[in-house]
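Working notes for the structure below.
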Amino acid sequence: MGMAAESQFHVLAVDDSLFDRKLIERLLQKSSCQVTTVDSGSKALEFLGLRQSIDSNDPNAFSKAPVNHQVVEVNLIITDYCMPGMTGYDLLKKVKESSAFRDIPVVIMSSENVPARISRCLEEGAEEFFLKPVRLADLNKLKPHMMKTKLKNQKLEEIETTSKVENGVPTAVADPEIKDSTNIEIEILPLQQDLLLVQQEEQTLSINNKRKSVEEGISTDRARPRFDGIATAV
């Protein structure tokens, strides 16, 4: 499984056939999906963070697996129907019985076109039933299902954040520097006004000086005697 961006859809592909796993992985990667492949239904449950309790006689009993089994969000599960041990139908039932994972869309694949089998899977909650070999056009139908899980997860995160705010849990710490910057701005404003007043006074003095020098130049010219055709040396 390669590295993928957080914005990609993550698909868990389950098939006991290595050839079919590689095929579905390539097709999903062409659809810009992150893919995790496992070869059995029990390993799929382990990856999700669930495993069937060995000590319990109840086949529906589950116990928590180590946290590191689910390291990323899963947006869709696509599984083969015919697998040794746990079939794709059994995996579908286990996922839909789990309160934590029942909203994950599950798609069943099979090389056998058996109407009763297809109907049973769809009634149990499968989103789609594909006949093998799976084509890229089939996988393009999965994006709306994956988008639903993305939106649901985002809404759950928003609800959780809102709940924390309502319960008084701090979600962000105020930066004291921001408050200080407000005070600084208030202190700077009078300084700016003083500078403006000084500049205005300097401009007024400059204008008065220019006017004075102009007037003195005019009065000097008037005091000098002028004779036509004679230059007076000073």
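Quick reminder: no glycine exception, Cβ is built from N, Cα and C everywhere.
Any TrEMBL annotation is an automated prediction that lacks curation.
What TrEMBL records for 10-147 is domain 'Response regulatory'. Counting residue by residue with DSSP, the domain 'Response regulatory' (10-147) contains 56 helix, 31 strand, 51 coil.
TrEMBL lists D80 with the feature 4-aspartylphosphate.
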Would you count the other CB atoms within 10 A of the CB of D80 (4-aspartylphosphate), including those on all shown protein chains?
24
